[in-house]
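Asks: Take this structure first; my questions come after.
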């Protein structure tokens, strides 16, 4: 009994400790080990309790045990038993033999009976389970609670309050037991020292505290009610703490901890980024304050009254280009609250920050932009908002993703390594045990020899059986026949010996073999695929209002197919045997689907169940489509990697679920029953009960319209003017944690696993190639044996060679990214030793690109059968084409013709402008035609190699020019054809691709990416399709509704009805009743797929979800909250497709781009980091430090360079920022004056700073630093600003102007003044030069911008092409205020079209714009339509246009950004002990102190002190002793000049080389030669002088010269 108790205690203790270790490990602290008893190692002070340490200890113990066991061999069993116990013990106890403190709470020793009881209870397994169940039950209780408006309640809630006490008691008891068992605080493994325990502790204490408070307030309430209310609110706030209890579940699930740990670890780099984001927000908020303060409060009022003139008011402007009040008798004046109930504005710093944050999240930013356009005119606002979205969203927020994916893969590798080690240990253990058993068995065999013979016979009989090519035979033989023989009695044996049964067995065996061969054949596979395809067809042909015959056919087909699938299953079972059949996951799944189908059919036939319920089962059959993957390796690898990531995703989903639950419960506490402030409309996204709260939180998590929910929350607490603004914190935290952190972990997991899948693919390819090679070799050797004639042999070999070469030549054309050492065989036209622009998103700086192309020779063969290679005409053409002026001219013409396309007027096609542009068009077309003819004359048309038409890019040119020519030919005959051809002219800019090399590489890279993405496209489309089919089953015909909500079927929905505007009985409006379908519906598979696509882009999905929830019957109106459970369909779809598949899509693009970038350096022996560091070391130049000789100047210089001066300026900038942020709308005159004076003071101070610096550094030295130039610009701008505001006193009072409308001059003059006021804000940017981490971030930012020019060009081209097509197709749609195509958002001019596309790229309600461009829309009154054709504008092409644009943008283009960023910012998560380019700046800075003149050399004696000042990994650090530093320096082999100096680049290069171990092993001279070759290969332009400096050639001087001086010094 005692033994069992001990064991149990050990087990529980191990568990507790594991948790403690895990948590401590997560926080990065290592619990020290208390006195470890006799087993502890002498160096226990240094030991770290990581789980592998425990394992190593165990290994040592096992070794010791082994040595014992060898000395005493006989009792093997007992020994292995003891060993196993020992191992288990050591494993359980971690490292410390007694983790519990000797005393708990200063009084209870380990032998104290109370404490022993506590320990045994706490470490008892059922106790753990009980607590987990209690937590779970508590969550359920919290969820059942229904919040009511005005703090009402019902009996359930009262009962729940009582249950709450029970939970509180349970948790309190648990806490006290644990505290007694482990001690409270002072010991290493004490209770509160574990993070999870601390959380428990706080929750319990707060719970107790709230109960006590409640009792106290109840007692005081007896006296008077008013005092109790406030106490009640406090309790409510404390009650909200209970919602954290679900977090305790985390400590029970280890895989959750990996995800959580990686998120927690990522917090440090994330903080850097958070600072950067905050910085961007602050700068933009202050600029917004300066530009837009008080602009949102003017709107159109009726003259002489305070009644707003419009239904949905918008800001307006007195004059200028803003919105004018159109209705007569209305005027523009201030006095309106502002949009969104006055929440969205720039009236003071807090509101401005909230508005800017909302714009960065890309929800509702266009609304703010449009309001600003209305208030100020459209010249200025777009610059502000578009730059904010590009910087804030695309760049800075994508950094979050980079950091998370880096951390996640690191954390996963750690966990994996830990797991592998554990497995290794266990295997060793097993082997030892096995050895023990083998000893036993050999002994036993010696005793019992008779059995052996029988076994032999049995074996013989088995081997005679022929085995098939598959392993399953053997398993099945054993399982099938072995069992029957074993189970039969003597009777069975008698029967089995008879002839008949033997025949039957033989026949059975033969049949099964035949069946198996059939099942495994490719024909059978294709048959099944055809059946699956037919099955898919029947299911997808279902739609709303289908004719009866179709329904019958579908029923019959379903039954027939079901029968066939059942047959297939049975045949497989028979041929493979049950055991082998169920090994494959696919077969299990198949079986499940078939059984489901059979049950469904039976239930429907017996009319036990409506067909709808189970028809979803039918759709699950569609999963069979994935059978295709069996013979398609890359696809099956992809599916495999998806299934692999399911594990990590499951734990992430659990975490996500916990997160959603906690925030839903919190939301119910805060907003339950509060969203009833507007009686006229029912809000759908509320927190009134648990399911609804879950949906709302999930909606905020996807980021769709989260700002609308936030506005409701603020209004519920009294609107923007009250303290209600505080609640926005809840929404912001929820949005940041959920959308940015948790959802990006999805992406991180995706990227991580995809990289694995890719490596799997390549490995398989290599294996296949290897097999192929062996096959060929075998064939050859056979042939050689056949005919032993040596001549034949030689011929065969040489023949082989030729074919291989030919093959290579052919393939060279196809492979756009050859490795480093193979010349590009892209096309005869550009032959080059190496692509100068690396493929992938990191092209080198344009300055480095060698844009000179080698001139391509005239190809062999005659052009047009008449012009030979030497024909003078042809030679002349060749010269002309290759002349640089000609190529540049053509580029210019391409640009001009593109500009002409953009300048066309889409509405009035016969306007003067269009006529002029038409003439230009003729000219451009003529020029391009001549160019093509010249090229064809030179290269020939297409019959021979290298001809003009053999290059895809040339074909593109031909197409574009041909289209233009054709459209001139048929000017009037068929209008629509011409229209299409005119649209095709848009492809002109694409011709530039062929002219700019860098662009060409990016484009090729995109194509490669698209090729590789193919597989994922297939999987995603299949999933889309499946969900669409299920959606059709669930919702077909159910999304109809009447415009009058009182009527619920088409028969009643006729005539007119009266609507009261805003619930006001005095303002009735008459409307017509119309029975209409939803724009997005599930009536057939295609519309279902479109609806689901919009859901997967997260745009407008809540509206669709609530339509689905309200859906009632086919062709019947909605019923409020009719089936809430339907929302599960949408949530599963969003999680599988939108979160997971779309992220994998994105991840795939990123992985592909990174691989393409690396491909170029495939054979260059240096990895990316080494390349970057070496490049830096080769290109860096020493910094000049100016130290003045003049003593007075030196004093100035000394002051300016001192730290106190720096800090003073820092503080001043902060104060200046504070002053700027204090401005607000309607500020008093006094405040205004104070602000102006402060502004002058600051301007004065910064001017003084500039003057001091100019004196100290002299103008030349001052302006050589970029930051100083920036400073001086700001100072000059500020001075102009002060001067202007003094000269024009009206400006300084930023009170709104009187309602009189001053002239336009006033307006423009004001804009110029506000422009100069921006200089005040720009001082903030100076802060960036101060922080170290931020500086590195900025440096990387600039670096990634250099990688972006071609990507940006590609994006610009995409936008250009789509904008021009949009103008041609949708330019005539009329602008209406209540429509998506309106004054702010339309295709009527080129800039407007580009802005609209930019809006779609950020995903702002793109699907609504698409609907507004469909056919049947009203035409613009100015456009040329015939009478009766008012409603003919728009086109069905809109669907293709918008969906293709959205996909290109969201998945390809924006991911180019992400790929570039993740590439450049990997240093944020990399191990800081590995040298990276960001460490090398420090070397330059410190070198300049020893070499102020930037001569590039210092005395060798200074090198040691220099390196001891630089921190590792680059230098030695201050802690490195002098002698060690000297020794390490000698080992570096740094070249030393004859005058005893060392060179800058040589020193830096040697440091990089030793830190990254680049070619440091082996023979030194040989390594140097190899390294020289690599450098020459990658950096062709490195001068030989520099190369000899950094890597001395063989026989040159070497770093051993360091020996003598260092000896003399030491």
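Cβ from N, Cα, C; glycine included.
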Asks: In Swiss-Prot, one of 885-903, 1037-1055, 1056-1074 is tagged transmembrane segment. Which stretch would that be?
Replies: 885-903
Asks: Quick one: does Swiss-Prot have residue 554 and residue 1003 on the same side of the membrane?
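Replies: The record shows them split across the membrane, with topological domain names that differ.
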Asks: Pick from 43, 224, 462: which does Swiss-Prot describe as N-linked glycosylation site?
Replies: 224
Asks: Which residue does Swiss-Prot record as N-linked glycosylation site, given the choices 328, 477, 1201?
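Replies: According to Swiss-Prot, the N-linked glycosylation site annotation belongs to 328.
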Asks: Suppose a student reads Swiss-Prot and sees 363, 704 listed for Ca(2+). Which of 123, 931, 1099, 1114 should they find annotated at that same site?
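Replies: For Ca(2+), Swiss-Prot names 363, 704; of 123, 931, 1099, 1114, the listed one is 1099.
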Asks: Based on what Swiss-Prot says, identify which of 95, 154 is the N-linked glycosylation site one.
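Replies: 154, according to Swiss-Prot.
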Asks: Can you name every residue in this chain, apart from 363, 704, 1099, with its Cβ inside 8 Å of the center of the Cβ atoms of the recorded Ca(2+) site?
Replies: 702, 703, 705, 706, 1098, 1100, 1101, 1403, 1404, 1405
Asks: Far apart in sequence but close in space: which same-chain residues, 6 or more away, have a Cβ under 8 Å from residue 1099 (Ca(2+) binding site)?
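Replies: Counting only residues 6 or more apart in sequence, the Cβ neighbours of residue 1099 (Ca(2+) binding site) under 8 Å are 704, 1403, 1404, 1405, 1406, 1407.
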Asks: When a 10 Å sphere is centred on the Cβ of residue 704 (Ca(2+) binding site), how many other Cβ atoms does it contain?
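Replies: Total other Cβ atoms inside 10 Å, all chains included: 24.
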Asks: State the non-local partners of the transmembrane segment (558-576) in its own chain: residues 6+ outside its ends, Cβ under 8 Å from one of its Cβ atoms.
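Replies: Tertiary neighbours of the transmembrane segment (558-576) are 472, 476, 512, 515-516, 518-519, 528, 531, 534-535, 538, 587, 590-591, 593-594, 597-598, 601, 618, 621.
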Asks: Using DSSP, how many residues of the topological domain 'Cytoplasmic' (254-272) fall into helix, strand and coil, respectively?
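Replies: Here the numbers are 18 helix, 0 strand, 1 coil.
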Asks: Enumerate same-chain residues with a sequence separation of six or more from residue 363 (Ca(2+) binding site) and a Cβ-Cβ distance below 8 A; give 'none' if the list is empty.
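Replies: The answer is 703, 704, 705, 706, 707, 1404.
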Asks: Could you pull out which residues elsewhere in the chain have a CB under 8 Å from any CB of the transmembrane segment (920-939), counting only those six or more residues past its ends?
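Replies: Residues 829, 858-859, 863-864, 867, 873-874, 877-878, 880-881, 890, 893, 896-897, 900, 946-948, 954, 957-958, 960-961, 964-965, 968.
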Asks: How does the topological domain 'Cytoplasmic' (633-651) divide up by DSSP, counting helix, then strand, then coil residues?
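Replies: Going through the topological domain 'Cytoplasmic' (633-651) residue by residue, I get 19 helix, 0 strand, 0 coil.
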Asks: Helix, strand, coil residue numbers for the topological domain 'Cytoplasmic' (1147-1203) per DSSP?
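Replies: Summed over the topological domain 'Cytoplasmic' (1147-1203), the classes give 37 helix, 0 strand, 20 coil.
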